[in-house]
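Here is what TrEMBL says about this protein:
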type	residues	note
SIGNAL	1-20	signal peptide
DOMAIN	1-127	domain 'Thioredoxin'
DISULFID	50-53	disulfide bond
DOMAIN	335-466	domain 'Thioredoxin'
DISULFID	385-388	disulfide bond
REGION	523-542	region 'Disordered'
COMPBIAS	533-542	compositional bias 'Basic and acidic residues'
């Protein structure tokens, strides 16, 4: 594994020109011609001062070198020099990485910022959604990625063909899809037409689809069969586990040897409960902080816990007990039978609310956020998060706009919850995360992704809330009730600027922080190592 010092050195050498680069450095006058002359281009829009851009640089270089052999070019644009070009393509944070298939077909790359992930993703993008396979190409195709899915069906079977193509179109970012109508190849694979076989470089190596040939059944097969029986949780795998929708069993351990031993212990259980629960080990030295999110005691290893990923419920195993097949087997069986109550971490309910922002904890979350007829804007934050600290005075100012008016205070609540100290039912990808729970539609909260100014936040509540409360109209139309402080805030709010700067959430500002296991420990240690300015939606890692 490349050390941080080595990665930094490579980045500096590449930036200074000491090392030759396979990344194309494009300008406004060269960018469009370059994109039009290549069928597929991955372009990074960056700023030289951006910490996350610096971390990406050596990974991007490595990916560019590998993908060059496949005729897939990687390019970069310095947005401090080419501001108009970056604005044209909607760049609002750094780094922003986009996939171009010409200038009119552009989509964001939101995967992990690691060379293997970039290489795998772009390799898939370069291929058609479904590759047509023959006896000459099948074997090579099986090894083109960690997981590939091959369909065997007759050339005149239009229904199966269309079903498979539909799945491939929707999941092409996840794995490679191929198909053949050669009956001899189907017979050699041991399947009847129509049939599906997944080839993978782990576990048994092959998984055969044996359900009815429907879109839903194939998608479910892909989600479960593409995950190892007992895998390893890390930056590049966490999102895949979350995507299955299955409960995830974590096995924390400090050494590779012990993780291998524990994986062997639970493997019979993983086989028994395949499709019902996923099992994976996790490096306790690197990602032990995540144990606290599962209501385990950090530092007491090894440890085991189950996370119900859809409801975000946690079921920690007694850390005073050893991890044995028998004890873990009973724990898992009781969990699946509904015999274990979820562990709920919560701060005490505040005896009195201090300040204009309502403090929410796990034990009053339902009452304050969900079980009422108010529009509730909630900030999910972490005490160590630098961007949260920068937002705090503006968030207080926002809340004051509503609490200063009793009639609006009855319709709108501005709230916050420490998501590191309280279990919440929402999936939080980074800090701060802001969601609006509008009255009458609490089951479908709306994520806020705009600039963190008082005015923009107030407009978000106005536009998306049930009551369409305009906080500024309220304050401007009743001067008699305004204090000097409120009047000052009302005048200053429209001029507020974006002070939280960094990478956009769309391009994975928290290094794909659904992968809460990715760099959580380091984020806590350093609090905020990147104080970049200019990003529209800066997030710290979980």
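Cβ atoms are placed via backbone N, Cα and C, with glycine included.
For the domain 'Thioredoxin' (335-466), the DSSP counts in helix, strand and coil order read 44 helix, 26 strand, 62 coil.
Take the CB of residue 50 (disulfide bond) and look out to 10 A: across all protein chains shown you find 23 other CB atoms. Its Cβ taken as reference, residue 385 (disulfide bond) is surrounded by 25 other Cβ atoms within 10 Å in the chains shown. All protein chains shown were included, and the count of other CB atoms within 10 Å of the CB of residue 53 (disulfide bond) stands at 25. Helix, strand and coil content of the domain 'Thioredoxin' (1-127), in residues and according to DSSP, is 58 helix, 22 strand, 47 coil.
If you measure from the Cα atom of residue 53 (disulfide bond) to that of residue 385 (disulfide bond), you get 20 Å. Between the alpha carbons (Cα) of residue 50 (disulfide bond) and residue 385 (disulfide bond) lies a span of roughly 18 Å.
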